[in-house]
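Peer 1: Residues annotated as domain 'EfeO-type cupredoxin-like' in TrEMBL: A:12-113. For A:1-26, the entry in TrEMBL reads signal peptide.
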């Protein structure tokens with residue numbers, strides 16, 4: 001087990017400075033999205049390109065939803081009647097689709113970086 | 001009902017593939033089935049608890065609890081897979097020789113099977129918790145009936161497990177002589193893919209502040225959310241638009257595991 005102990009120790013030593021640098025929510029421009037009846041509103045969000053922005057996703061439904069976007073590299077469960085901030089970017093100009101994985105039939109949207 | 005089946009299938013897939021690989025890698029090792037089933041059961045139990053406390057987890061660490069939790073369990077799995085692979089490179093050959101001589105199961109000896117049950121357990125845990133939340137959502141909204149949802153979910157579980165079983169069957173059809181080498185590489189690639197995924201979560205949490213611009217985009221060729229894309233994503237860590245930090249994490253993990261395995265490997269000794 002000595003090798004394992006060493007490996008775990010090494011991993012925690014390496015990870016420590018990362019965790020210490022806690023995520024400081026910067027003053028990025030914030031865009032609010034709501035989920036109601038499993039639909040995103042607005043479903044098209046225009047954001048500035050080349051800078052970090054925050055999507056504040058408010059789930060007005062009582063059921064959980066998973067915000068998922070491969071192109072934005074984000075997946076996050078938002079419980080019913082909760083809101084969560086999702087920091088994205090800096091994005092190159094272009095379109096980035098996202099969806100609610102738990103209701104993929106209705107919950108779709110796109111972030112447009114300009 | 002079909003929607004429920006499809007999403008359960010998707011969530012199941014990763015856990016089923018991981019389990020299939022680990023089962024094949026430990027084939028013929030006494031006690032391995034027990035440890036792996038134990039991992040699956042603990043993972044399922046953990047998934048229920050995790051789903052129950054999803055809101056609390058979500059709110060911790062400045063709302064980044066989910067990302068950090070995912071990064072942590074992926075990191076744990078990477079360390080365990082690396083440890084197992086390196087350990088096996090030291091002891092595997094003599095065990096394989098012994099297995100051939102006896103013609104059947106050998107005692108696991110000091111082989112770190114518990115390490116593998118952790119890997120299987122966290123794979124089930126991560127995907128399981130999301131499945132529980134999804135099913136809860138379906139049941140809580142007026143949509144489908146309990147029966148239809150349960151049936152759909154069951155279909156998804158069976159289909160997911162079926163893919164895992166297919167992978168296992170394919171692997172064990174490989175001659176024993178080659179199986180060890182093949183599974184070692186599969187486990188190493190699995191670990192590398194998980195390391196890249198960990199980077200994604202750390203960057204999403206804002207802990208790792210690095211540029212995540214895509215180096216290439218092959219989503220037109222093979223989309224990551226297609227079925228083959230998902231399979232490759234789990235098996236070899238395929239990402240259709242990887243960023244440098246992900247590529248570096250992937251490459252480093254491969255290098256460290258393969259390098260350390262080579263370093264500690266020793267010729268077969270008589271005592272075994």
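Residue 1 is the first one shown; counting continues down the chain.
Note that Cβ sites are derived from N, Cα and C of the backbone, with glycine treated the same way.
So that I understand the layout, could you describe where these features sit and how close they are to other parts?
Peer 2: Looking only at the domain 'EfeO-type cupredoxin-like' (A:12-113), the predicted model's pLDDT averages out at 88.
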Peer 1: Going by DSSP, how much of the domain 'EfeO-type cupredoxin-like' (A:12-113) is helix, how much is strand and how much is coil, in residues?
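Peer 2: When I sort the residues of the domain 'EfeO-type cupredoxin-like' (A:12-113) into the three classes, I find 12 helix, 50 strand, 40 coil.
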